[in-house]
Amino acid sequence: MPAAWAVEGGPEPVPDGSISDTFETPLPRGVADSLQRASGQVEVTVRLDQPAIAEVVADGALAEGDVPAEPVQQETRDVVATQQDGFLAEAANLGASEIGRTQLAANVVVVSVDAAQLETLAAIDGVVSVNPLNRYEKHELPQDTASGSLSQAIDYVQARPLHDAGIDGAGVRVAVLDSGIDFTHRNLGGPGTPEVVEECFAGADADVTGVCAEFFGPDAPKVKGGYDFVGDVWPNGDVIPDSNPIDSGPEGGHGTHVADIIAGRSADGAHQGIAPGAELYGVKVCSAVSTSCNGVAILQGLDWSLDPNGDGDISDAVDVVNLSLGSSYGQDQDDSSLAADNLVRAGIVVVASAGNSADRPFIVGSPSSAPGVISVAQTALPDDLQWVLDPSSGDAISNAVHQAWSPVPEGVVSAPLVRPGDDGGVGCSNEAFAGFPEGSIALIQRGVCNVSDKAVFAQAAGAVAVVIFNNAPGDPPSFSFGSAEPVVVPTFTISQAAGQALVAALGAGEVTVTIDPASAIPLTNTMVGTSSRGLTVTGLRAKPDIGAPGAWLSAETQTGTEVTNFGGTSGAAPVVSGVAALVLQKHPDATPAQVKARLLNGADSSNRTPTADGFIATPISRVGAGEVRALPAADAVGVLATAGTGGNVGLGIPSVTRSERFTVDLTLTNTSNERKRYDMAAAFRDETDAASRAVDLQISPRNVTVAAGQSKKVSVRVTIDGSRLQDWPFDSAGAIGDGSALNGPEFDGWITATAGDEELHVGWTVLPRKAAEVTAPKSVKLDRRGEADLTLKNDSRVGTGGVEMFALTGTSERQPKPAEGDPGTPGSNAARIDLAATGVRTVDDVVQFAVATYDRRTVLTYPAEFDVYVDVDEDGTDDYVVYNAEAGGFGLTGQSVVYVYDLATDAASAFYYTDGGFDSSTQILTAPLAALGLEAGQTFSYSVLAIDNYFTGAVTDSIEGQRFTVGGEKYLVPTTTEIGPRERVKLDVTANPAAGESTQTGLLLLNRSAAKDDFSLVEVRG
């Protein structure tokens, strides 16, 4: 390894074959905004500055009966409506036409307008922001997964005792924002007869009339109302709203499953959901012909949920909203998150699925990431099994996932392991299995073709079982079935690491694998590998809040009577919505924060996660407070809640340079009619964390006596001893897509309040960074010999600071603080990436571009993309783009790689992972000189563009006109150095007599593990 990399280890190359051929292309050079570069008609959301009713009512107004009088509400709405009418009148002069508007959850108008008029549209008085429409996805997993009965669900989450006591959700109104509800199904108030099903679905885009009106509307047995905000053809055609939210179309059915899980009840009572007495409202916001959900429709659906009868008075608002949808890496700038939080503020319980993007760092989705929303993770069914593969060489693989579209082994299967013969061992053809020994077990790598096709090819060659290993880090996934013929041999998936270990063992000789049903491990109260991990990417909040099993047999649309498999966090969220309905029936005056706190307080915190080495207690950032339990949530007389939203305690990523202290206040409420005494305690999830004494929690008072109907404050003092922390492992996190990497440095557990048999708890979590605090002078001056001393100082008492040094070739002033609604603010549907400085260096055969911004970002992938446009021959035309992107595509791997994109051929290749840390404002983009056609002594020009790659594609900042000569920096300094705690390092800066042409003015220093300043700019004078 070159000496230049002695400190930090050098750029991490991408292994051959580990990056998907799918890649996101960089944005066109020199574009200022994605909307401005659009042509023709575009659809945009326009946010106006008059506050909507949900933004001005008191917190929890609906639950506490503190709704303003109807004339006051109407006045607020009239002001909003008048502003919207005035805006639309001016917009019409620009050729804009109205698509929709919201007036209660948020003051938003959606218009279609010629892109050439956008700047003029934004200049209309009262406009806060103009942004493109967002699109979300349903959070359903493939339906080929095994499912349990809803009767089993009722028993497992302890809803049955509540039902027996008359608590079944009666009087609680639940809006399902989804693909609609099939109100003809016998589980949802319909007769289920073929004649009624046919008649009602034939009129899916018309008003509900005739016999169909008996099953939809205020007098219907189950589905009391709703609206269709998307129609039956979007996104393949226009949005065509109508008053009929029946769950139609080839991609319909999602909302019907969700509704049945929440509150289904057949006429004979034999089939029931979690809260069978609750009333349902079908609000269609998702497509009937795709998995997409419309961002504007979601806003309109949230608005509708505040005022179902449309009279302008929100006193008829629903009690619970379920959103089994979202977008990974949930951002606070997401307008659906802002609107959902506004509903919570008004007094509506909002439940949303966390997402199915697996155990990847900070990938939990919006709108579940919003502070007040209840974010739901998915846990396993109580009778699920974890299969064990026992190889003759190496360790047993204890977290194999059986694919439900294949048979379960009926007895012991033991046979030699054999790989297919095609390139990469992906097994995507019959030819790949030429010469495959009959009676063997096929070991196949994921990729190129459908997973079930791999099994079909293997079984045709005589395989007795199939083992498919993942091609990306993380837990082994489940896959849908997509083959022309059935799979008749047991098929399992395993992790990438386990598969690579088997491949290595095969390289040393024959390996026999044994699969014994008797060795299968029960998965009761365990995590599902596909469920999305927190913390939130913005705000670093402790999400998800809670977990629930999510794979159930529930109502299938357009069948009248049938139930089919349904899975994912889409199926977990409605379990929690159903439990919330039960809690609200028993505690009708509870605020959303109190309902959330009750759910968390009563959750089963003993959830575990299967790993290759057995089981570990599940981190709070995966399952929240635990797996939902209805009985303790509803029956507890005490409520332990964090301030504000009632969620778990999240302390984010504090930078620790010595001993740091935080104080968190909780409220303990006694709802009984007698005095209660609670013993307070704090526990760690991992005994190793507790033994390290790096993090300490002290609760005051330890014993709390709370009078009947009263509350008391409890303070939790958190002390982090930086000297006891391990070194921060995430200074270079580009290759880290497996969220389990966070398990070590993350400290978490539970804060409990116990009175007799009653135990209340909330989770707590912190990801402390042992940090350096390196400072550098603003400038140095060369003496007559062309030399200067550069002294760096590390003020941290605990953390060693690594420093990477680059030629400083460009800077940019800090942008003004954004006003409300501007890019980067909550609900703006736009991110702002503010460039501070850029630099470059060449070492051996690579060039590295350094980018520094004024604000930190949690992950390297979103919402920032950095495009380095390189003009190799300085002819005024860019030749290549070097840029960062998620390997494989959005939400697929969690890894950030550096692509080199050839503008002449439209070809891209990834050579290195992005070099940068979690919670950092800097990145290093590395590329081979040869890939850019550069060689020693060659001068090139480049510009750096900062891009919002999550919402808009807008270029939010740029530094243009930079130049550099390969190997010809103006000033010679060491490439890297390290500075120990409370140390100083003096470095030599020397003018380079062989310097080439460049715009270099000094040095850009990137500070690893930095507590505050991730970078320093040093001007070199003289």
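Every residue gets a Cβ built from N, Cα and C, even glycine.
Looking at 1-22, 309-330, 353-374, 595-616, the range annotated in TrEMBL as region 'Disordered' turns out to be 1-22. When the alpha carbons of Asp178 (active site, charge relay system) and His254 (active site, charge relay system) are compared, the span between them is 7 angstrom.
In this structure the C-alpha atoms belonging to Ser570 (active site, charge relay system) and His254 (active site, charge relay system) are separated by 8 Å.
A 10 Å cutoff on Cβ-Cβ distances gives Ser570 (active site, charge relay system) a total of 30 other Cβ atoms nearby, all chains included. With DSSP states grouped into helix (H, G, I), strand (E, B) and coil, the domain 'PA' (413-502) comes out at 23 helix, 22 strand, 45 coil.
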